[in-house]
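Engineer: Quick one: this structure, given as structure tokens, is what I'll be asking you about.
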Amino acid sequence: MYISISLCLFLFIISLICSKYNIFSPSVITSGIWLSVLFLYTFLGSGLNPLTDKFLSAIDIWVTLFCVSSLFIQALSLSNNNRIKPSQLARNIFFYASLVTFPLLILHAYEIVKLGTSTNWMADMRSAAVGGIKGISIEDSNPFYTLIWLGSYLIELNCYSKENKKRVFVLFLMYLMYAFITMSKTNILTLFLSTIFVLYSNKFIKFNHIAISGIIILFVFLGVQSLRSNSTASKNPTSEFVTIYALSSAPAFETVKSESSVQFGENVFRFFYAVKYKLGLTKMKPNDTILGFVNVGVVTNTYTVLYPYYKDFGLSGIAFFSILLGLLLGFVYNKAENGNVIFVVLYSFFLFELVMQLVGDLFFTNFSLNLKLILVATTPYFISRYELFSYSRKQLKIIKNKVDE
């Protein structure tokens, strides 16, 4: 344990120095998260199953190779086109599409209250979000249009000015209400992290603002946990929260068998198996993204980011995909850090997945969602870059003259 803590601390310090003390660097986040988890485990993990060399060796490989590959890409001088502005037409379409679809969320909330079975309607909200209420699927609580809300919000925030501040405020409130209706800490954290990064990238806030916001969001999480729970209050809610959501995934990983998947890469490449199933090319359903529960001192169904790579390919899978993700996220961060507006929005999306690696993998397991996020984030810039659906005054004059003839 202490060797792994020392390794993470060393990589954290090196990452901070190489990233010029930018806490949003993927290597800083990765080493910092696992340093925190291992450190807290020594104090709060007494009620959990002990960590063995199985997990510690895996996390050593993951953190080391991820940080090295990420820092390598960060050190490169990559070309940047910083002047692209998102298409105003696309921005308008996204914004008004968000407004039009907002009543659908209200109707969804009404359905949950009507079909709910508990005496706590907030618990019903959360139950519906994970498919726990008959007649309401998981997809109903996670509709595609909310991705448009988030994408529209971040694009507008990245272009913040006096002219669009009302849009930013409206879109923020809409997504916040969606997070409240689903009683989802992940949606709240997504909104928080993406907002903080865009504001920080545009130099609207400093580190002290981030620290204060982090404390506030912790209390918000504790409040949400209390509101959606049917059980009596814990004597130490903060310790219980940290144990369940930050620490329990590590001992849960100890229960996973290396290279035990039935089909090749069925967890890592779940997206492609799902496409084949949808097209009728196979009768085998893709793996469920909601995993089974295990008791590791507390009951949990999260197994850290290592789960799909280890279950499909063993330690070699952890090594390969740590390098791959380190390179990809290091590239996106490099572009964002150098002011490329497209990559600022993209990295703000991926920041949540990077932070949530202590719970599970969201990069490949939710590959379909990531593709949708990338599509939403890049479309306005793509339209602007290639001048699609736009005409200059000269072109409009030529068209008018031809019509007059």
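If you go along the chain as it appears here, the first residue is 1 and each next one adds 1.
Glycine is treated like the rest: Cβ placed from N, Cα and C.
Automatic, uncurated: that is what TrEMBL annotation is.
Pasting the feature list from TrEMBL:
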{"type": "TRANSMEM", "residues": "29-48", "note": "transmembrane segment"}
{"type": "TRANSMEM", "residues": "55-73", "note": "transmembrane segment"}
{"type": "TRANSMEM", "residues": "93-113", "note": "transmembrane segment"}
{"type": "TRANSMEM", "residues": "168-201", "note": "transmembrane segment"}
{"type": "TRANSMEM", "residues": "207-227", "note": "transmembrane segment"}
{"type": "TRANSMEM", "residues": "289-307", "note": "transmembrane segment"}
{"type": "TRANSMEM", "residues": "313-333", "note": "transmembrane segment"}
{"type": "TRANSMEM", "residues": "340-359", "note": "transmembrane segment"}
{"type": "TRANSMEM", "residues": "371-388", "note": "transmembrane segment"}
Engineer: Can you see whether the transmembrane segment (29-48) and the transmembrane segment (313-333) are touching - at least 3 CB pairs under 8 angstroms, only pairs 6 or more apart in sequence?
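Structural biologist: Contact absent: fewer than 3 Cβ pairs fall under 8 Å.
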Engineer: Excluding the flanking five residues on each side, which residues at least 6 beyond the ends of the transmembrane segment (289-307) place their CB within less than 8 Å of a CB in that stretch?
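Structural biologist: Those are 47-49, 58-59, 62, 130-131, 243-244, 248-256, 267, 270, 318, 356-363, 365-366, in sequence order.
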Engineer: Do any residues of this chain, six or more beyond the ends of the transmembrane segment (371-388), have a C-beta under 8 angstroms from a C-beta of it, and if so which?
Structural biologist: 84-87, 89-91, 94, 144, 147-148, 150-152, 154-155, 341-342, 345-346, 349
Engineer: Could you pull out which residues elsewhere in the chain have a CB under 8 Å from any CB of the transmembrane segment (340-359), counting only those six or more residues past its ends?
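Structural biologist: Hits for the transmembrane segment (340-359): 24, 26, 29-30, 33-34, 37, 80-82, 84-86, 151, 154-155, 158, 186, 189-190, 193-195, 197-198, 201-202, 245-246, 249-250, 302, 304-305, 329, 332-333, 366, 370, 373-374, 377-378, 381.
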